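These notes are about the structure you will find just below.
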Amino acid sequence: MTAPKAVVLVSGGLDSATVLAIAREQEFICHTLSFNYGQRHRVELQAAAEISRRMGAVEHKRITIDLGGFGGSALTDPSMAVPEASSGAIPITYVPARNTVFLSFALGWAEVLGAQDIFIGVNAVDYSGYPDCRPAFIKAFEHLAKLATCAGLEGRAFRIQAPLLHLSKAEIIREGMRLGIDYSRTISCYQADENGRACGVCDSCRFRKQGFWDAGVPDPTRYH
C-alpha cells in the first residue's frame, strides 16, 4: 500500500519542526511549504529548507507573497517595534490573516498532489493570543476546504492536522526530543539576526526559553 501524501507548513521554528517529525513518524510522504511573506526574520527560511531536507521531506517549496504590503504587524512593518512583553491583548506581532493565507496555499498544493492531509504547527496553549491559532479556526478552515475544492465536492475531504494544538511548549519539546529533533537548528525569534541568533526578549523567545526550562531540557538556542 502506498503511503499517504501530506503538505506540511514549515516555518523553520520549533513547533513546525516538531509537526514535520510527527508527520514523518506517521509515515506520510511529506511535501513542505514555507513562505517569504515580508517578515523581518527571513533567516528562518534557511532553517525551514534545512529542516525539510534533514527530516526527509520529498519536496520543499518556498512561496513569496507580500503580506507586508498591508502593514499592520510588527513582523512585516519595520516602523513598528517588536514588543518585549505581552500586553494581554492581541499583540502587534499578529499578521492579519496569515494562517488563512498559508493554509489556502497549502490546500491548493494538496489538491494538486492528491493529498488529503495538511499539517500546521498552531498552538492554543502557549501562544500569544493570535485568533488564527484557535481550535475553532482550524475546524472552520477544514469545513471551508470541503466546500471550496473539487476534491471536497467529490467526497475526498481534507484533514487539517494540528497535533500541537492542545500541548504546552514543554510538552511539544519533550515530544520533539523523543522524535530526535535537533532544536539548535530551528529559529523561533521574531527578530533573529542574519546568523540566526535570537534576541531572547520577544514573545516567541520567552515562550521558547520557558518551554525548555519547564521540559527540563537544556536550551540550545543561540542568542545575540
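Placement of Cβ uses the backbone N, Cα and C atoms for every residue, glycine included.
Residue environment of L14 (ATP binding site) contains 25 other Cβ atoms, counted within 10 Å of its Cβ in all protein chains. The secondary structure of L14 (ATP binding site), as reduced to three states from DSSP, is helical. As annotated by Swiss-Prot, ATP binding site applies to V10, S11, G12, G13, L14, D15, S16, A17, T18, V19, L20.
The annotation Zn(2+) binding site is assigned in Swiss-Prot to C189, C199, C202, C205 on the grounds of sequence analysis. DSSP classifies C202 (Zn(2+) binding site) as coil under the three-state reduction.
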Non-site residues, in chain order, whose CB comes within 8 A of the mean position of the CB atoms of V10, S11, G12, G13, L14, D15, S16, A17, T18, V19, L20 at ATP: A48, I51, G121, T186
Nearest-integer angstrom distance between the alpha carbons (Cα) of C189 (Zn(2+) binding site) and L14 (ATP binding site): 10
Pairwise CA distance, L14 (ATP binding site) versus C199 (Zn(2+) binding site), rounded so that it is a whole Å: 16
Cα-proximity to T18 (ATP binding site), 10 Å cut-off, over binding-site residues C199, C202, C205: none
Of the binding-site residues listed as C199, C202, C205, the one whose CA lies nearest the CA of G12 (ATP binding site): C205
